[in-house]
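Enquirer: Starting off with a structure, shown below.
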């Protein structure tokens, strides 16, 4: 086992705080409307330019192992806040730095670290309650657009396109972000349920212009096995032909004689049919077929529940207003399912989302909720260069997370004002002893740090602006973008409550751990091995002729 280098007490904390400061100073330069860019070197290709706090934090590794431990712990604050709320990483880092720096000074002055931690926790708990009190629900599109704009570094076009996307697919709908091919941002909305499977034969195409198969008011057959024998399909085909309606078949596979018969019937105009493969694999395929059954009011024809295809009737089929099938996608629009059954199914999937620990499963389950609840919107990010595209896409994703958080827990006045209002409300707190009270004071001073940093990045004097904001009440604050004081809500400067709350709680959590650290252990640096002596020539070789 390698030898270890161990540091204790003040020496350990000093090095750790040094690492915290290096990382936090790089990250906090990006805070606020006048925050600066940070350039990140890449191992290949052009460097990345970003104003995204978590992107900066992730790139930082320090040479000194003890300093690096401090930096990595603050990096954890940024990452955790990003995971919880999707934004607020820079605010969390600024709060953590302020808490750790003041806490380390207090410990050096001889105060009890555990009491300091208890005091900080007490203040944060009270501040979170106050944040919830001043929070307002987000209901209108304007507020959603404002939250998105602030999170995207005051880019109104991003805030507006996110608000439009949410309006079209609902607050539960899936909104994805992709790299576009143009210069402007574009919004592409897919209504109804879409899955990534297209027609099994080009002979099903009936719309030559769009090269798709369009079915109006069709019946929908859902089957979880292969269909290769046309005799199994005859009862359903006869029923559909009598009703004079088209038919969409979604099955594991339609092949051989069955597929050939369907193609011939379609070409001759006897019955309009389109066959597609079921989406997904294994259990996910079964679940998605069930979703389709609920959406269309049909039944999945499955031997597992005692239903055989040859016994299926027209009553087992689902219905929809319209179905569009292209080469790669199938879209079911306005299914005839019972709305109560759809809501129940959505609730069931949401429970699974809460229970799952896999990010991949969570993403797929959320997609299923969206497909049942309203549709999918795709924001295509436009930019003139690849570097700008990457930076802009990261900002759009941040803004999207922030707006979701705002819908979930409401909004508070932005620009660091909410934390200033919370600290004024909990300023009378007292701890069980002097050290705990000092811990409370540390937390209250730290809650001023985001506003101070926003003002400093705007080139103004933080203390002067902070005192003026403290003199005001409610939403009164400082707009760093134009240097005006006024109502932050009217200025459109809003932060999601969840983002501010998560930033404060995560910063306090890591700061508490770091203040109470008494020893640090790292691998000792390896000493360079002594070099081998230089080899000399062989003796006794003189005078030889070659």
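Start at 1 and count along the chain as shown; that gives each residue its number.
Glycine too: its Cβ is placed from the backbone N, Cα and C atoms.
Pasting the relevant annotations from Swiss-Prot:
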BINDING   30-33, 51, 87-91, 415, 479-481, 495  ATP binding site
Enquirer: If you count Cβ atoms within 10 Å of the Cβ of residue 51 (ATP binding site), leaving out that atom itself, what do you get?
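Expert: Result for residue 51 (ATP binding site): 21 neighbouring Cβ atoms inside 10 Å.
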Enquirer: Go through 30, 90, our binding-site residues, and report the one whose Cβ sees the most other Cβ atoms within 10 Å.
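Expert: Sorting the candidates by Cβ neighbours within 10 Å, the top entry is 90.
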Enquirer: Including all protein chains displayed, how many Cβ atoms other than that of residue 480 (ATP binding site) lie within 10 Å of its Cβ?
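Expert: Its Cβ shell of radius 10 Å holds 25 other Cβ atoms.
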Enquirer: What three-state class does DSSP give residue 90 (ATP binding site)?
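Expert: In the DSSP reduction, residue 90 (ATP binding site) maps to helix.
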Enquirer: Can you check which residues sit near residue 495 (ATP binding site), meaning Cβ under 8 Å from its Cβ, same chain, 6 or more apart in sequence, and list them in order?
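Expert: Spatial neighbours, sequence-distant, of residue 495 (ATP binding site): 88, 147, 150, 402, 411, 412, 413, 414, 415, 418.
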Enquirer: Among 32, 88, 415, all listed as binding-site residues, which has the most CB atoms within 10 Å of its CB?
Expert: 88
